[in-house]
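Please see the structure below; I have some questions.
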Amino acid sequence: MELYFGEYQHVQQEYGVHLRLASDDTQKSRSSQNSKAGSYGVSIRVQGIDGHPYIVLNNTERCLAGTSFSENGPPFPPPVINNLPLHSSNGSVPKENSEELQLPENPYAQPSPIRNLKQPLLHEGKNGVLDRKDGSVKPSHLLNFQRHPELLQPYDPEKNELNLQNHQPSESNWLKTLTEEGINNKKPWTCFPKPSNSQPTSPSLEDPAKSGVTAIRLCSSVVIEDPKKQTSVCVNVQSCTKERVGEEALFTSGRPLTAHSPHAHPETKKTRPDVLPFRRQDSAGPVLDGARSRRSSSSSTTPTSANSLYRFLLDDQECAIHADNVNRHENRRYIPFLPGTGRDIDTGSIPGVDQLIEKFDQKPGLQRRGRSGKRNRINTDDRKRSRSVDSAFPFGLQGNSEYLIEFSRNLGKSSEHLLRPSQVCPQRPLSQERRGKQSVGRTFAKLQGAAHGASCAHSRPPQPNIDGKVLETEGSQESTVIRAPSLGAQSKKEEEVKTATATLMLQNRATATSPDSGAKKISVKTFPSASNTQATPDLLKGQQELTQQTNEETAKQILYNYLKEGSTDNDDATKRKVNLVFEKIQTLKSRAAGSAQGNNQACNSTSEVKDLLEQKSKLTIEVAELQRQLQLEVKNQQNIKEERERMRANLEELRSQHNEKVEENSTLQQRLEESEGELRKNLEELFQVKMEREQHQTEIRDLQDQLSEMHDELDSAKRSEDREKGALIEELLQAKQDLQDLLIAKEEQEDLLRKRERELTALKGALKEEVSSHDQEMDKLKEQYDAELQALRESVEEATKNVEVLASRSNTSEQDQAGTEMRVKLLQEENEKLQGRSEELERRVAQLQRQIEDLKGDEAKAKETLKKYEGEIRQLEEALVHARKEEKEAVSARRALENELEAAQGNLSQTTQEQKQLSEKLKEESEQKEQLRRLKNEMENERWHLGKTIEKLQKEMADIVEASRTSTLELQNQLDEYKEKNRRELAEMQRQLKEKTLEAEKSRLTAMKMQDEMRLMEEELRDYQRAQDEALTKRQLLEQTLKDLEYELEAKSHLKDDRSRLVKQMEDKVSQLEMELEEERNNSDLLSERISRSREQMEQLRNELLQERAARQDLECDKISLERQNKDLKSRIIHLEGSYRSSKEGLVVQMEARIAELEDRLESEERDRANLQLSNRRLERKVKELVMQVDDEHLSLTDQKDQLSLRLKAMKRQVEEAEEEIDRLESSKKKLQRELEEQMDMNEHLQGQLNSMKKDLRLKKLPSKVLDDMDDDDDLSTDGGSLYEAPVSYTFSKDSTVASQI
């Protein structure tokens, strides 16, 4: 909902407010309870004269005229703005001091002294806790202006402040002033002092005993200066100024700002059903759980305004309201009388309107700053109605978490909790005091509704706006504790800082929810009205009717109206959407209510505050998501609308185009009908011309000569056709002979195949015998080997067995492969021969098709010539029509006819030229007449000649057709015979092929088996190769052992050498057999491919035969169609014979030239076709050759691949052997390294021994030197030498041996 309020702040316009809330028919239920003689009604008018708004409260029974207002009259006080914290240090207000305000039963009567002693004076401590000034003294009922009579002093406009320092009288002084005011009712209005910006004070309330008129000026301003950011908050309700409207709401809706009446004191424990705690929209107090809304606010500015959206979250209407429990429980609806909040009822005398106008029209005075001076004059065009923003933020601009909690908990709740007296079910009759208080509450609430609902006076009844604020304390016990302001400097500073923060928060929210953000915002529509408009009883009735509706119905209807605007959905769809949104809002409301109850129970718990903040943020996110969804739906609906409009526009365009085309078609049909009528007329004229121009026979003879020449050309063409037919027949006979030759060749090939099959069977038997003999020899050799090499059987038996199996299989596979290769070769040769013959047949058939195509071309030429003749005849007819018109009319008629001919013929340039020639020739009318006579004669002769030629052509065509039929029948018979023969041959061939296929399948099966066996053999060979590798290693070991044995068995070495040679030969044979097996595999693959190719070729031949049959059938159909066309041409020629009489010589010459040109073109086209066919054949041959080359290359590549695979295998073996050698070398290296290390160890050991020996020698040498020194006489003694030389030599000998060992 913050999005809405952010936008609501931008729509701050000033409007003049004129309300009249009088006692009308809708208040009868209230007046029933207040059935007192002194009952009164209230007439509220907010009139703006020169920028000064006033609220005038009239007594309906006695409207007294007072004194007039001066132009610079005394201003009225704003509502007092104080700092009342939601959670004080002690957490709550004592229950004893929570008594509500007790209003007098009659506002015009003086208050009783008993009540005046009940209200204690409250003052605010430094910590913001409400403290009782005198705890022992009973609370007094004195009001703020009673306790502070200095408030009644006039406002000093020059200093723009109140002098409150020298005026602090006691209660006795206030009683004196009260009695003086009661006695001397001289003042027409009460002069409330206006507080300055730095010195907020409490407003005063005039004595309620006064009667008359109270004019309250709703002007208040507070300017707050912050050292960091200068912000100004100004509250004003005006009629014809350009000032901002929401200033009072901004000022009073900030969090630290709370409007209180200074005479609202703690209530007693008495039950007061007529005074109910009320939660205002801009109050900063906590949410009253008990004060559930039973009635929505009466009106709103627009269906999308905040108050209309608040209705969505109103609580259910369940509990009945009784007079006893209204005060302290959930159903508190009446508003306490809070002076200074805009609801003050001044009972003073009401001055007349003339006096007020005279007051304002007096001396203008000086323009003063602040609120004291007269407002600046504004143009009447710029004057707008003012409107407060109190309804936008119900708790004021709060910046902390507590305000957000309260705001989220009270989203959607109505600010006006007003009950009619008829809705309250009293259990006992009310006293006069309570009735008076109820009437005061009603007038008080109506004041607020009048102040707030003036902005929507045109569209809907005014919505009540409540300025009173209620604070809930412990549990369900609710109390309205309204504090009096303190005049200390600290409270002033705090208020200024808090108001500044409030305005900043509001501005931030306004910027956050600016239209630049993508979220959808609810527009606020305001309806400005003139300054003299008033609320009529009809509007009040509408307001009451709206209040009688339930909250859910109003909310749903508002949502329905909102969703219905700008959407094309049905009513059901919009209602469903409304229900869904309403259910979601109810869930959100239930959550907010649950969170509100938890907060009321524990107001001081910060954890719950955080949870509620999180819930509030989630709710705002959900609301934003819902708004986004609404935006998307609205956008989608708009897009759908645009698409529908586009589709409609397109449909309209298409319809218009269709209508235009229909009109064009109708016009064209009319033109066609007109042209047909003209053609009929022309034909009739032609017949008349023919009858008239019978004299021109001489001219027609020339044309007959030309026609004879044409006939000669036609005869030559017929002869050429006869020759071509003969050639075709000869070619057909040759084809038949070729077919017979092919059949004979096929029979010969079949005989050859049979012979070769027999030879293959014989070869198979011989091969089998050879294989058996070879097996027997091998068995013998094996027995010899087994007998001779008993010691080596275990190592050699596996290899020999594998070799035997491979040899037997390889022999059988070789034999089978040889037989299959021979068969395949024979089949390939036969297939090649058949292919050659089939190609020859295809060529012959192609030649026949060419000839048939030539015939078709000739027939097409004849058709074209006939069509040309027909066109020329039509042209001649048109020329005759032109001639007649030229005889009758001038050259202009000729040109018109030429234009008509050009329009009829279109883009035919040749015909236009001919028409021009005809127009030039037709200028000489006399010559043309003679020519026409001659032409008539010639045309008659031409008729005869044409008839004869046509008959001849028909006969020739019949002969040709019969010949072609006979030839086709013969060909069909021959083809049938050939087909039958082919079928028989094919059946025989199929049988043979089936047999061969069976054999081939058997061979295939055998080949497959062989392949499987070969695969197994390959696997076995691989295993065998592995085994061979292992055997080779074993053989190497065995060879070493054999070599050892050979040394031992030299006598048996020769036999063993022979046997080893045989084994090597067998191994070589085995390797050769393996290679042959691989080759046989490749050959078998090739054979299978060739067989598949031969099958494909046979299928192609069959398809070609079928194509030939289809082509023959097409030719027959073409012949039939040609016959029909010939018949049609004959009929056309007969029809056109009459038209040829009116033809001319020049036309005939042109026709002949055209025919020659067309024949040349046809010949050139035929040549081009022949060249194209030759080129196509050449290309086909090249393609076949390329295919053969590709196949050969593929075969060569496969062979190369196989060879490469074998090489790779060999290389792999070599690599494996090399790796084994490398491993051996590495092992040998490791052994050598170990040996070297051992030798190094030995060397080190020996060196240590040497060193020890050297040390010993040195030690032995030292005593010998000592002994030599001891012998003085003999340097050398034999004894000494014999003693010491021997060990020295011995030691040196040891050293020498050690050195030699090293």
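In case you wondered, yes, glycine gets a Cβ from its N, Cα and C as well.
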From the list Ser308, Ser486, Ser892, Ser1289, pick out the residue that Swiss-Prot labels phosphoserine.
Ser486
Going by Swiss-Prot, point out which residue in Ser391, Ser523, Ser964 is annotated as phosphoserine.
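According to Swiss-Prot, the phosphoserine annotation belongs to Ser391.
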Out of Ser32, Ser92, Ser136, Ser297, report back the residue that Swiss-Prot marks as phosphoserine.
Ser297
Of 563-587, 1113-1137, 1238-1262, 1263-1287, which range does Swiss-Prot call region 'Disordered'?
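Of the candidate stretches, Swiss-Prot labels 1263-1287 as region 'Disordered'.
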Just to confirm what the record says: which one of Ser305, Ser708, Ser1227, Ser1296 has phosphoserine annotated in Swiss-Prot?
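Going through Ser305, Ser708, Ser1227, Ser1296 one by one, Swiss-Prot annotates Ser708 as phosphoserine.
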Which residue does Swiss-Prot record as phosphoserine, given the choices Ser298, Ser926, Ser1164?
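Going through Ser298, Ser926, Ser1164 one by one, Swiss-Prot flags Ser298 as phosphoserine.
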Which residue does Swiss-Prot record as phosphoserine, given the choices Ser88, Ser388, Ser414, Ser529?
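When Swiss-Prot is consulted, phosphoserine appears for Ser388.
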For Ser708 (phosphoserine), which residues of its chain lie six or more apart in sequence with Cβ-Cβ distance below 8 Å?
His945
Please work out the helix, strand and coil residue numbers for the compositional bias 'Basic and acidic residues' (655-664) from the DSSP assignment.
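For the compositional bias 'Basic and acidic residues' (655-664), the helix, strand and coil counts are 10 helix, 0 strand, 0 coil.
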